[in-house]
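Notes for the one structure printed next.
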Amino acid sequence: MSLSRILRYNQRNNKTTASLTAEHAYSDNWAYSVSLGDPTSVGVNMAAKTGEALNKSYDSVFSSLPVADSVPRTDFTASSRDDENTDVQKLTTSWMEKIDTKMPENISKIDSNIISSPMVSKVEARFIVPKGRLRKNSTDFTSSFSNSLSLPKSYGKLIFFTSKKNSSSTKKNLANDISDNKHNNNSSNTIGHNIPVTTATATCDEIACTSTEHEYNVYEEERMFTTRVYSLEDSVSSLSTNPLDDTYSEAVQVNTRHIEDTESTAHIRKHSYTTSLSSIKRLFKITSFSNNNSNSCDHQESTVADDCAISSSLKETTSSPVSTGSFSLMIENEDSDRDQIIQALYSNIEASTDLVSRKYRDLDVVLGEGSGGKVKLVQRVLDNKVFALKEYRSKKKRESERKYIKNIISEYCIASTLKNPNICETLEILYEKGKIFQILEYCEYDLFSLVMSEKMHYEEICCLFKQLINGVKYLHDIGLSHRDLKLDNCVVTRRGILKLIDFGASSVFHYPLSSQMIEANGIVGSDPYLSPEVFYFNEYDPRALDVWSVGIIFFCMITRRFPWKYPKVKDVQFKAFCSGRGVSSFKDLVTRPATDDSNNYDNDGYEEGVIDMGPNFILHRLPEETHKIMRRILEVSPFRRITINGILQDGWIKEIETCQVVGAASPNEASLRIINKGNHIHTNIDQRYAHIGGLHQRT
């Protein structure tokens, strides 16, 4: 869902700086650079050539990094820079001048959102991270999540699903299962995530009541305890109960099972609950739906209306093996039950809505297009209100239909549950003529187009940046991480309210009633926004990835360019950023533990007058008041990186005046009021170019 852009080089201080402006983006003169929208799927891989030409001695994470004295200052003469006998390569961007910069002819079809992440087998050799050195103390992770069970009632439905008919037997079976597991060493601990393995689950009808406060019971052998689940409409508590603990070193249960030989183990990953948002689907159990279930739907709120329609649909349209069976049991015999599963899933989608063409009128406007599908502008026939319609891509040839449907429904289940002013509302999911559609709240602009317009003022950028932080905080507070934060996945209303979209790559790092931190794995998202640990760690804390991506987005908003193509030492720009840190290798840098001394963060790699390396390689392009917090956000070591709550404690962040939505938590516009701050106005641009789809058409 991104755009191919036109880039040019500007000579400044004897080094090449890549810039992106609307003038160049819409001209016919194309040049290649490491800049916003810089495509990586082109024929000539610039970063690969750079790694071969200038980084032959830095191909491994164990490679040494240049120190401050070995990196040239900006006052070096041209002759000294071109001296072939110099022992140390000059870490500037002048190397670009020597490499072919010709762009391919099919530039209009290149999409920066489809930045091909390297295959796991192609990633540099990973290394074992010593568990003991990565944490300041052995603080129990439970304390970090003591107040994090603030979840909406509909979120409970996604995880605890069974029929009301079997609720009494469920409680008995659950008590027996817990009793057995209590004396079994190979019970829930064998999974590694402290999630009980039981065929019985809590009754969803008991959870999804109309009150803002709900209770559900968990039975043990001799006693019962009650846990309260509060709606997200109430205040959401932070994951970190201590504001001083602003790094991820305290909360992360570091998993040291990293691979050293990627060639032999790249495709032999152990199954876990950390893969993606779609793993929640494993907890879904479709049991028999009786008349009691149908009646109970009438007492549930609109947030779970679709689930009621789904249950009714299964009862009326599916055969008994599907309506009385379980998806988890069908996995063992997927071939024989495949048709029934697909029929049930399709019936679920069709049951909640009418056909697309009956409810919505296509306005023939493409808002964006990417690897996951396309987004179009539609108008509801009932009231002429405008919405965004996401049309999912067709099933790939080698992709099972069951997996294809499951991933889409899993994304919808989570997205439709999120209720926050800085989250784009997901309304419904539809099925028509073999295609799946999702109806979303329409926002007038996307952040990428606003940045491309070059009309944004600094105060407006700061306002949107703080709203982005608030949106990410909301996700982290309920146990979700986005994992694909970028300009393309941020949309803005005409009143200046930023909203996050696209939760297909999201990861659940904390389940209700669990004290375990669930790490994520895999390389997802767009390379320029990824954090370095994603490439080098087998498993990582997804919250730290989100924080890093937030910093990259702010840098792009200020400079209208990417700092690097991807965060690997093969990239000259990133290697310069990692240099001068007082460590001998990149491995030591990315695994540095957290420290109690805040001065170690503020002065780390900071040296006056040196802008060719270290944090100043990035900071000298940003306003001075942002340097302190940006050093913490773009900390190479995830264990030293600041948390999203720590960002909000920064003095500069606190002083930012941000536009906000006040009123009821419901997305109903009639009950909401937007307060715009008087120190800035929000940019308005031509609607023809307000979205990436329009920019595509212009080029």
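Cβ atoms here come from the backbone N, Cα and C positions, even for glycine.
The candidate list Lys385, Lys390, Lys395 contains one residue that Swiss-Prot assigns to the ATP site with Leu367, Gly368, Glu369, Gly370, Ser371, Gly372, Gly373, Lys374, Val375, namely Lys390. Each residue contributes its Cα atom, and for Ser371 (ATP binding site) and Asp484 (active site, proton acceptor) those atoms are 13 Å apart. When every Cα pair among Leu367, Gly368, Glu369, Gly370, Ser371, Gly372, Gly373, Lys374, Val375, Lys390 is compared, the largest distance found for this ATP site is 14 Å. Between the CA atoms of Val375 (ATP binding site) and Asp484 (active site, proton acceptor) there is a gap of 17 Å, rounded to the nearest whole number. The separation of Asp484 (active site, proton acceptor) from Leu367 (ATP binding site), Cα to Cα, is 19 Å.
Cβ neighbours of Gly373 (ATP binding site) (same chain, under 8 Å, six or more residues apart in sequence): Lys390, Glu391, Tyr392, Arg393. In this structure, the binding-site residues Leu367, Val375 were compared by how many other Cβ atoms lie within 10 Å of their Cβ, and the smallest count belongs to Leu367. Val375 (ATP binding site) falls within a strand segment according to DSSP. Separation of the C-alpha atoms of Asp484 (active site, proton acceptor) and Glu369 (ATP binding site): 16 Å, rounded to the nearest whole number.
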